[in-house]
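Some notes on the structure that comes next.
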Amino acid sequence: MREPKLCQIVCRTVLSQEGEKDFKEKIDDEYRINMILDNLPLVVPIKRLDDQEAPAVYQHGVHVGVKGQYSGSKEEKHFIHNHFSFLVKYHRDANTDLARIVAFEVKPYSIKHEYDGDWKENDTRLKTCDPHSRRLVVESDLPQEVEAGKEIIFTYDANFEESDIKWASRWDSYLLMTDDQIHWFSVVNSLMIVLFLSGMVAMIMLRTLYRDISKYNQLESQEEAQEETGWKLVHGDVFRPPARADLLCVYVGTGVQFFGMLLVTLLFAILGLLSPSNRGGLMTAMLLVWALMGVLAGYAAARLYRGFRGSEWKKVTVKTALMFPGAVFAVFFVLNALIWGERSSGAVPFTTMTALVLLWFGISVPLVFVGSYHGFRKPATEDPVRTNKIPRPIPEQPWYMNPAVSVLIGGILPFGAVFIELFFILTSIWLHQFYYIFGFLFVVFAILVVTCAEIAIVLCYFQLCGEDYEWWWRSYLTAGSSALYLFLYAAFYFFTKLDITKIVSGVLYFGYMLIASYAFFVLTGTIGFYACFWFTRLIYSSVKID
């Protein structure tokens, strides 16, 4: 610590044919070397070309090597980074003279090292890097080619520099947001969508509904009552339980669990309780909160099922506890098996997989049953209007109110409200960027909730006006269809932004994005469903029905 080291020899190696092929592949695929010092990741500071005064952007990890050409030659060669110049910044305590590490930076170079005489391991005097003759590596003038049979000597410098950065705020420069204007643009863009939808909802609520309700409540004579049109006509069918009601309850329960998990995790992150220095802290917190939110999942599913006058609540509870996590775990297990097959260090160890299964069956499943038991014991909520014995026929609908069309239209706006922030999240996951702007993410999450609720209410109202009372599943799918656009956008991102050539890597990407889209479907669908559930109860409890 605080002792500079220059031109330190690490090792000498001679590349085999296989070694040459391996290194060239790694350089082609832009592999990076990652190191950690005092829990800080290694970064390469890169100055911005457009603004030299701006703070440097940090690249996470250092590339194995680069591709380039010698001047006057067209042939592309591979050059390996074999000299690293490390810079360790420290903050010194004036009272005790103790120092704490606050930054870990590196500049990589490719240099063809030369030496006189025999090789004497670490005592060899290099001609190309010798602190005694003040010959230091400051540029890659004579780069080291990747070639079989050629020897490569790896060296490093370690320099220490005092810094004003306090230890408590050492992560700030890592998490510095260079493009906060784009995030503000994203929020403003989303708010525009929300304002537009809020205007529509307000218009429906105040103007149309107020007029409808006052008109319905003033209908006196039998002749007028027979000429009723619009949503009041279907009052005897609007609360008729849908087909596959048990499955709807399962999906709604799962959505409530997911919503609770996201809300709690985001609040923890905003309060700064999930530090980036705690590796994997965010994922661990999400899984733990997911398991604990099983109570809400069971309760929500059982309450809804009780409202449908169902009796097999245990079956619904088992499905709620196993269906969504089971599907996700199956996909995850297959993807992990593929990583195992590639002998990658990125594979989740078997012990961790076992711990996840124990978390699921030991905590989540029992809690779902606890929530279900309490939810089913409570008396069912009374519907504001009676349901007729015989369902009324649904008139033919115009093409734009066709279920497929209205469901697909419904997903566009919620997706539009979040897709810019989504770009940054994908970049942070797949391109090794830091993502730590949970304040923005929380605002976008709130906007997503409002957008899903409003678009579901608007389309539900139009559906009921068309005398189509089958709104239960439609309200879920209307908001949930935004997950389809999310997956399509992920595919677009894959082909335009990522340079993935290996089949396993492509399968991993689409597998993980499928899990994310499924979770997004459950979340947005549940928000849309509850918005319509509240809306229909509100409007039908406001009219007098004989």
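Placed from the backbone N, Cα and C atoms, the Cβ positions cover glycine too.
Record features, source TrEMBL:
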TRANSMEM  182-206  transmembrane segment
TRANSMEM  248-274  transmembrane segment
TRANSMEM  280-302  transmembrane segment
TRANSMEM  322-341  transmembrane segment
TRANSMEM  347-370  transmembrane segment
TRANSMEM  407-431  transmembrane segment
TRANSMEM  437-464  transmembrane segment
TRANSMEM  476-495  transmembrane segment
TRANSMEM  507-535  transmembrane segment
Are there 3 or more C-beta pairs under 8 Å linking the transmembrane segment (182-206) with the transmembrane segment (507-535), counting only pairs at least 6 apart in sequence?
no
Winner by Cβ pairs under 8 Å against the transmembrane segment (407-431), considering only 182-206, 248-274, 347-370:
182-206
Among the ranges 182-206, 280-302, 476-495, the one whose Cβ pairs under 8 Å to the transmembrane segment (437-464) are most numerous:
182-206
Which bits of the chain, at least 6 residues beyond where the transmembrane segment (280-302) starts or stops, bring a Cβ under 8 A of a Cβ in it?
249-250, 252-254, 256-258, 260-261, 264-265, 268-269, 274, 313, 316-317, 320-321, 356, 359-360, 363-376
List, by number or range, the same-chain residues at least 6 past the transmembrane segment (248-274) whose CB is under 8 A from its CB atoms?
242, 281-282, 285-286, 289-290, 293-294, 296-302, 304-305, 308, 310, 316, 319-320, 323-324, 368, 438-439, 441-442, 445, 472-473, 476, 519, 522-523, 525-527, 529-530
What else in the chain is close to the transmembrane segment (182-206), if you only count residues 6 or more beyond its ends and a Cβ gap under 8 Å?
413, 416-418, 420-421, 424, 437, 440, 443-444, 447-448, 450-451, 454-455, 457-458, 461
